[in-house]
Amino acid sequence: MINNGKALNNKKSIDYSKLFRHQAKFVAGAIHINQIPDFSLPEIVFVGKSNVGKSSIINTICNNKSLAKVSNTPGRTRQINFFNIVDKLIIVDLPGYGFANVPISVKEQWEGLITYYLRNSHNLMLVNLLIDSRRGIKENDKKVAELLLANKREFQIIFTKSDKVTDRENLNYEAQNFLATLNYLCNVIYVSSRNKEGMRELKASFAQCIKHQR
């Protein structure tokens, strides 16, 4: 497990598996690196390609349907969004990557913001690399995984929109090969915001990760 080298708020033992019974609230947004806040709380991060379903998953996990804005238009999330769960845990929603229909300068700004945060956050405990189960693992996903490993960030693969895929054998094989090339072992979880598949496992993985790292 990774120790990011900063003491976090740990006045008493917290049962993180029960935190998600509480609604989260939006507390900050960052468009530039100098706007990134430091809450000195554990951070669980969601990153993935544009329109992968990040907002829907975050809303489902955080028990708040209107928390993160859901859109069918790729590139809707244009800043890093921070959501606070009863001053015990921060959920972080990063802008989607790989969206081409924006000016190059804007795309470079998003990528720079994402990269800076992933490299420099002292409170980051776990990164959820979200991948559309209908599309499989793409080159952009591989680059993000390599960035995470280069910066010693713990991550797990989350296949989203699992209700739309019936045959998972090829996906499992693809994920295993992908992780083997990285020489990395992690959770692979299928989730759906529609039928709630995988939500319990996802929350449990957060609690387990934080427990081991603190």
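Each Cβ is built from the backbone N, Cα and C atoms, and glycine gets one as well.
Per Swiss-Prot, the features are:
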DOMAIN    40-212  domain 'EngB-type G'
BINDING   48-55, 75-79, 93-96, 160-163, 191-193  GTP binding site
BINDING   Ser55, Thr77  Mg(2+) binding site
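Of the listed binding-site residues Asn51, Ser55, Gln79, the Cβ environment within 10 Å is emptiest of other Cβ atoms at Gln79. In this view, Lys161 (GTP binding site) is surrounded by 21 other Cβ atoms within 10 Å of its Cβ, with every protein chain counted. A Cα-Cα distance of 12 Å separates Lys161 (GTP binding site) from Ser55 (Mg(2+) binding site). In the structure as shown, the Cβ atom of Lys54 (GTP binding site) sits within 10 Å of 26 other Cβ atoms. In this structure, Asn51 (GTP binding site) belongs to neither helix nor strand by DSSP; it is coil. Looking at the domain 'EngB-type G' (40-212) alone, the prediction's average pLDDT is 89. For the pair formed by Pro95 (GTP binding site) and Ser55 (Mg(2+) binding site), distance between Cα atoms is given as 10 Å, rounded to the nearest Å.
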